[in-house]
Amino acid sequence: MYAREYRSTRPHKAIFFHLSCLTLICSAQVYAKPDMRPLGPNIADKGSVFYHFSATSFDSVDGTRHYRVWTAVPNTTAPASGYPILYMLDGNAVMDRLDDELLKQLSEKTPPVIVAVGYQTNLPFDLNSRAYDYTPAAESRKTDLHSGRFSRKSGGSNNFRQLLETRIAPKVEQGLNIDRQRRGLWGHSYGGLFVLDSWLSSSYFRSYYSASPSLGRGYDALLSRVTAVEPLQFCTKHLAIMEGSATQGDNRETHAVGVLSKIHTTLTILKDKGVNAVFWDFPNLGHGPMFNASFRQALLDISGENANYTAGCHELSH
């Protein structure tokens, strides 16, 4: 499954979007629960013809969350500029779904180092930890008034980002020839929310891949921050928002009307500012299937020649 891009008629100031297919906003009851069956051996355990793997453990500063980080390094020599590198959230599920067929495709381009940031569990997702790590504090809701998945503690994205950028990344990149101009971050759902928040808050990465970000779960205020960006501060960064078109019978769009208007305004403002951003539509894919499709697309994108994006905002200096 490949993404379909939507282009503006204005060159170098493009932001790709298709609001009729945009289904970022969903209510709690219309999301299918993730498959939480224990995982078996992954590609690191089985071995690959194209990559070799290592795993490292980390703990949060407060000692309450425990991480397992897999690093996959191509078996080919790094180019003179260094390997591209993609950090991927929900690393347990990523590693479970990564296969040698995809790694072969990557090896035919400029294969990236893959860093799958997961948790010390045999489950595909640590639901409590990711709910805290991937959500921004400013938009956190009063979860004690909610039940189910929304009763989980949230608002720890700043702490997790500091861990990722100051401890995890330096450790996994140690001894590797990395192209810092092709360093990317991918996340889905709450992970997509974290990527969008990181695009606003950090310049550590160059490419930000936000897949099906959970903006409709009380975090749509993040769009106000997006609208307020100063374009010159984002000239070195590239944002890709990835979303699946609603499938037949999917009623998520009925919950999106109010926020879709905000998204339309946000995208228009970004477009006018020349911010380097794209929207990739995945036809006929729902929220869950977007996990696989989006992480594969992000890997293929960062391994391609087009990964060295030029900033659209340079036009504003004329």
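In case you wondered, yes, glycine gets a Cβ from its N, Cα and C as well.
Swiss-Prot annotations:
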TRANSMEM  13-32  transmembrane segment
ACT_SITE  Ser189  active site
ACT_SITE  His287  active site
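The two recorded residues, His287 (active site) and Ser189 (active site), have Cα atoms 8 Å apart.
Within 10 Å of the Cβ of His287 (active site) there are 23 other Cβ atoms, across all protein chains.
Of all Cβ atoms in the protein chains displayed, 25 besides its own lie within 10 Å of the Cβ of Ser189 (active site).
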